[in-house]
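As structure tokens, the structure follows; a few thoughts come after it.
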Amino acid sequence: MITALLLFWPALAALLVLLIKGQGAKKVAFVAALVEFAIAIVATTGFDAASGATQFELNLPWVENAGIGFHIGMDGISLLMVLLTTFLVPLIILSAFKHDYKNPNAFYALILFMQTGLIGVFVALDAFLFYFFWEVALIPIYFIAAIWGGVNRIPVTFKFFVYTIFGSLFMLAAFVYLYFQTGATELAAHSSDVQAFYQLALSAESQSWIFWFLFIAFAIKMPVFPFHTWQPDTYTESPTQATMLLSGIMLKMGIYGVLRWLLPVVPMGVSQWDELVLILSIIGIVYGSVIAIRQHDLKRLIAYSSIAHVGLIAAGIFTLNEQGLQGGVIQMLSHGINVTGLFFIIEIIYRRTNTREITSLGGITQNAKALSIFFMILLLGSVALPLTNGFVGEFLLLLGVYNYNAWFGAVAGLTIILSSVYMLRMFQGVMFGTKSEHTEAFTDLTFNEKAVLIPLVIMVFWIGLFPNTFLSISEPAVGNLLNIINR
Amino acid sequence: MNQIPEIIRTVPLEYYLFFSTALFAIGVIGVLTRRNAIIIFMCVELMLNAVNVLLTALASYRGDATGQVFVFFIMAVAAAEVCVGLAIIVMIYRNIRSTDVQLLNRLKW
Amino acid sequence: MQEIVMPFNNQAMALLCLLIPLLPLIGFIVNGLGNRKLAKGMVSLIGCGTVLASFLISVYLFVDFTANGSRAYTVDFYNWISVGDMQIGFSFLIDQLTLLMMLMVTGIGFLIHLYSAGYMSHDENFGKFFAFINLFMFSMLLLVMGSNYVMMFVGWEGVGLCSYLLIGFWNKNTNYNNAAKKAFVMNRIGDLGFLLGIFLIFITFGSVSYPQVFAEAARYTGGIDSTVMIAITLLLFVGAMGKSAQIPLFTWLPDAMAGPTPVSALIHAATMVTAGIYMVLRSNVLYVLAPTTMEVIAIVGIATALLAATIGLAQNDIKKVLAYSTVSQLGYMFLALGVMAFDSSIFHVLTHAFFKALLFLGAGSVIHAMSNEQDIRYMGGLRKYLPITFLTFLIGTLAIAGIPPFAGFFSKDELLAHVWEHNKLMWGLGLLTSFMTSFYMFRLVFLTFFGTFRGTEAQKSHLHESPISMTLPLIVLAILSTIGGFLGIPAVFGENMHLLQNYLAPIYGYAQVANAAAVAPLHIEHSTEWMLMGISVAVAVVAIILAYVMYVSKKQVPAAEGTKLSPIHNLIYNKYYIDELYNAIIVRPIMWLSSIFHKVFDVVIVDGVVNGVGKFVVQSSRTLRFAQSGAIGFYILIMVVSIALILFLNFFIG
């Protein structure tokens with residue numbers, strides 16, 4: 001039941017928020033998101049971390065005759081993703097407090113509505129339900145970006161929308177095919193339940209086809225090189241809150257999709273193509289990092305760095321060993337936290353200076369000590385300094401990749417060099433040096449901004465120092481996943 | 001009255017086939033070549049009737065009433081169609097003072 | 001073989017162990033958050049006090065350790081990362097080597113903290129400075145105390161970060177920031193090697209914790225010089241190259257002199273840069289299994305020593321000279337490791353920490369007195385104004401030159417004796433380096449302290465001896481540089497008097513099992529040893545005399561900026577153009593690649609394909625819509641033709 005509550009509470013709250021006129025909407029939205037987070041915490045305390053089984057399950061008939069069920073539930077991986085979502089959404093709402101958007105009720109209602117979609121993706125245990133929420137999550141973000149975005153928003157968001165829909169259709173086609181394969185051996189009806197998909201025994205050739213259909217959908221969402229070109233533009237043009245939602249949470253949908261719907265469903269397909277996927281991902285790492293080195297727009301720089309980080313997660317996951325998978329899961333959390341924080345810091349700088357160009361900034365650290373500290377910590381998390389969250393993930397991921405193939409590991413490892421190059425270059429350009437005309441009267445963080453950054457920084461150190469809190473939640477689930485794959 | 005199928009069978013089936021094909025072809029050519037909406041409309045009816053003839057004939061030869069029942073449906077639908085269709089043509093005529101279909105080419109691009 | 005007792009169950013001792021790194025961390029947090037709010041006195045009290053406390057606890061641990069039969073133990077705190085069969089604990093290993101490093105780091109660290117309290121007292125970011133330098137102590141202590149490779153890596157990266165923060169401490173200056181960034185990035189290149197080495201260790205031995213890895217390695221059946229062992233040791237050595245500034249990753253260290261002088265003394269001379277030696281020494285069992293790697297290390301070491309020494313001959317910045325001398329001395333230490341003279345290497349680490357910290361602090365005192373002038377061409381005759389600084393600096397210089405009985409003599413001599421046994425050519429090159437070291441160090445002393453003052457009048461009127469908080473560390477370090485050598489008295493003066501060697505013997509227990517021949521003690525004829533000693537002292541003295549003649553008797557001053565130099569002089573003055581070379585072959589291609597990737601590959605090719613699909617759809621619909629002519633007759637014709645075609649295909653083809 002608690003899963004259903006988690007799923008529908010934001011949608012209900014969204015309807016409520018929609019009714020409120022004026023800027024009061026954000027407060028209601030914030031409280032609603034906090035309540036959602038509290039529900040997630042309650043769910044976590046009731047969660048049996050030692051068991052790899054799906055918990056808090058709810059299986060109602062949806063299209064009963066066709067074997068399509070409203071099947072939701074959480075295992076360790078889902079729970080972590082739900083925690084990430086519910087943790088970040090209140091902060092994302094809070095981060096918008098100082099920004100008076102037009103039609104605030106619609107803006108915040110869309111964010112909450114999106115939360116339902118995101119949580120739905122993470123808890124759905126039926127292929128068509130998954131597909132449903134996958135698309136549900138896309139609609140609000142499209143409107144947020146297209147209504148409240150930058151100058152170029154219309155073509156950019158349109159491209160983003162068409163691009164992801166294009167990918168989703170492949171996924172739908174694959175699901176329909178798989179659906180018709182279920183129950184083929186006996187007289188039993190077809191089913192789109194995740195377990196039914198796991199039990200399919202397809203030929204290697206059809207697995208190979210299905211692999212690509214599903215992979216394209218997920219790869220576009222992540223995005224993996226060379227399906228990434230929607231991302232820098234969309235991140236740059238969207239309002240910061242949308243960018244945070246996209247990079248912090250939505251991108252994890254793609255990775256989660258791989259974990260839940262790709263690896264265990266078509267293991268033979270994976271074993272045929274994993275090397276190619278790893279190569280693509282590793283190209284993405286180097287490619288994204290190298291491009292990030294010369295970007296001068298802060299948002300675009302982080303967008304390219306995100307391609308690199310996600311490339312590493314994808315590479316780690318496709319190694320199909322425990323270090324890689326666990327590293328991928330923990331890195332999803334870390335990346336969500338770091339990238340959200342970094343985008344917020346860019347927003348803070350933009351609010352005060354009206355520019356995101358590195359060349360027109362500088363010397364901010366002289367005026368804003370607190371900002372420097374937060375920025376530094378988040379940056380260190382993202383360059384994977386030990387004892388911050390990024391290290392645990394990258395260490396495990398690189399170990400996984402190295403285990404798969406030492407040369408791949410070495411090339412993927414370039415990320416630790418290149419990330420320090422572009423991140424420090426950014427930090428130096430923005431924070432150090434002499435003040436520019438834009439940063440002359442820079443003011444330090446306000447209470448509201450600190451309120452967003454402090455929880456993020458706490459998480460940076462929590463995951464960095466005590467990763468086992470989270471690793472132990474996903475460990476049985478990852479073990480299960482490996483069992484299914486290696487069956 | 002139960003002799004009607006027998007009466008129909010007095011003419012060989014091929015004759016019906018040739019006849020309805022000819023009728024249908026005339027209808028098609030009429031639709032394609034004529035410009036007057038009413039004549040096109042009549043040609044469409046001609047095609048429908050060609051099918052009706054064929055259905056009736058074959059139903060009789062096969063001793064199966066289904067085909068003839070179908071004919072009734074077609075006639076009913078054709079009647080409804082005539083009502084609507086002629087009404088539309090009348091409206092068009094009132095608007096453009098003509099029933100020439102070549103003039104009705106606004107629905108494009 | 002030394003058994004490592006574990007786990008260690010004494011709660012009180014565990015807490016003490018934890019306090020050693022934790023106290024500086026607390027200092028970091030308090031000073032960091034209280035920057036500009038706390039009074040300067042308070043800041044220095046916290047900053048120095050925490051480090052002093054750590055030092056005292058280390059001393060206590062050392063006493064306790066020796067009193068309890070010198071048995072190594074681990075202290076486990078919690079399970080940090082656990083995935084499947086990989087368990088990485090947050091735990092410390094206390095053994096002879098750790099204790100030695102702890103004492104050195106906290107001891108010298110405390111002295112330098114004390115010095116900083118005086119040196120940095122005019123800086124507006126006094127609190128920030130102490131916070132960072134405390135954080136450095138924390139990281140460095142984690143590095144030496146960790147009981148597994150990942151913990152070492154934690155400290156390893158942590159000291160890199162502190163180095164970055166402190167080199168760029170005066171962050172308004174873009175050059176300083178670039179130097180800081182360069183240091184961090186070059187260190188990270190090494191770190192990648194280290195990380196890959198850790199992965200390979202885990203894959204080979206199934207663990208990253210020292211006790212398990214070393215025990216496994218001692219049982220290693222792959223034989224000496226197996227590919228895996230060479231790969232592991234070389235990868236780890238890449239890490240050491242970065243951290244300890246060896247060819248080809250050494251260019252960051254001279255640039256790192258942009259940081260405040262105490263930082264140069266602490267991080268870039270005494271402690272952090274010797275982490276590479278500590279790592280090799282810690283992994284001695286792995287290295288003895290890979291003699292090929294050792295040969296590589298020896299070659300890299302001697303090449304670095306020689307290269308840096310030649311560059312040092314022509315530098316005019318007081319700190320740059322010391323920086324190149326540090327690189328050169330680090331090269332020596334690696335040379336010693338390469339010839340498997342582990343004891344000599346750590347001995348040299350220790351004495352070098354004493355005298356190089358002393359020299360840097362002395363240089364800091366000079367810079368302080370000279371109102372931030374660092375160019376020795378504008379100094380001279382400072383002996384009269386800075387008597388304590390001069391005296392202590394001279395002791396440091398005598399120590400580095402290898403004049404008995406100062407500390408450097410013992411360590412360098414022992415080291416060269418081992419090299420002599422290993423390879424005569426390397427010994428010759430080492431001696432040449434020693435000659436150059438002695439020459440450029442005395443060139444520095446003579447130009448700075450002798451002759452007449454060459455600076456401006458304003459500078460001259462400000463000349464003053466530094467306050468007590470700065471001179472006291474100088475005096476203590478001078479004493480250590482004088483007597484430090486007696487920790488390792490060579491066998492010619494009496495058997496079994498090499499305290500350090502006896503103390504450290506247990507850490508080679510596993511290496512003994514793995515490859516006994518490699519760690520066999522050196523047996524060298526006493527006559528040979530006397531001869532080697534005599535030669536190296538003679539060489540040093542000749543160099544001193546040469547420097548004296550050139551810079552005191554003939555009163556030469558290095559040419560001013562812009563003077564035309566002879567080609568060789570020009571080459572070494574410009575550091576062999578190595579920075580320019582790296583810029584041309586690495587930095588610029590990457591920048592170029594970045595532009596190409598972005599502007600050509602991303603925007604034109606990948607996005608071109610994506611947008612091309614969109615454009616194709618738009619274009620084709622633009623063309624195809626003309627078929628929608630609006631002529632009904634045409635539509636019907638098409639319909640009829642199509643139906644006919646379908647019927648035709650159905651009947652005659654299908």
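All residue numbers here begin at 1 and follow the chain in the order shown.
Note that Cβ sites are derived from N, Cα and C of the backbone, with glycine treated the same way.
Whatever TrEMBL says is automated annotation, not expert-curated.
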**Message:** Between A:1-20, A:301-320, I'd like to know which one TrEMBL lists as transmembrane segment.
**Reply:** A:301-320
**Request:** Over the span of the domain 'NADH:ubiquinone oxidoreductase chain 4 N-terminal' (A:66-119), count residues by DSSP class, listing helix, strand and coil in order.
**Result:** 37 helix, 7 strand, 10 coil
**Item:** Residue numbers, six or more beyond the limits of the transmembrane segment (A:242-263), whose CB comes under 8 Å of its CB atoms
**Value:** 77-78, 81, 84-85, 88-89, 92, 95, 111, 114, 118, 121-122, 127, 130, 134, 137, 141, 144-145, 148-149, 171, 194, 197, 211, 214-215, 217-223, 234-235, 270, 299, 302-303, 306, 310, 313-314, 317-318, 320, 325, 328-329, 332, 336-337, 339-340, 343-344, 481, 485
**Message:** Against the transmembrane segment (A:452-473), which of these stretches has the most C-beta pairs under 8 Å: A:106-125, A:131-148, A:160-180, A:371-392, A:404-424?
**Reply:** A:371-392
**Request:** Report, as numbers and ranges, which residues of the same chain sit near the transmembrane segment (A:106-125): CB under 8 Å and 6 or more residues beyond its ends.
**Result:** 3, 6-8, 10-11, 13-15, 17-18, 25-26, 28-29, 32-33, 36, 54, 57, 59, 71-74, 78, 81-82, 85-86, 89, 92-93, 96, 132-141, 143-144, 147-148, 193-195, 241, 245, 249-250, 253, 256-257
**Message:** Against the transmembrane segment (A:301-320), which of these stretches has the most C-beta pairs under 8 Å: A:131-148, A:160-180, A:275-294, A:404-424?
**Reply:** A:275-294
**Request:** Please indicate, using numbers and ranges, the residues of the same chain that are 6 or more beyond the transmembrane segment (A:160-180) and have a C-beta under 8 Å from a C-beta there.
**Result:** 127-128, 131, 134-135, 138, 142, 145, 190-192, 197, 200, 206, 210, 212-214, 216-221, 227, 230, 233-234, 257, 265
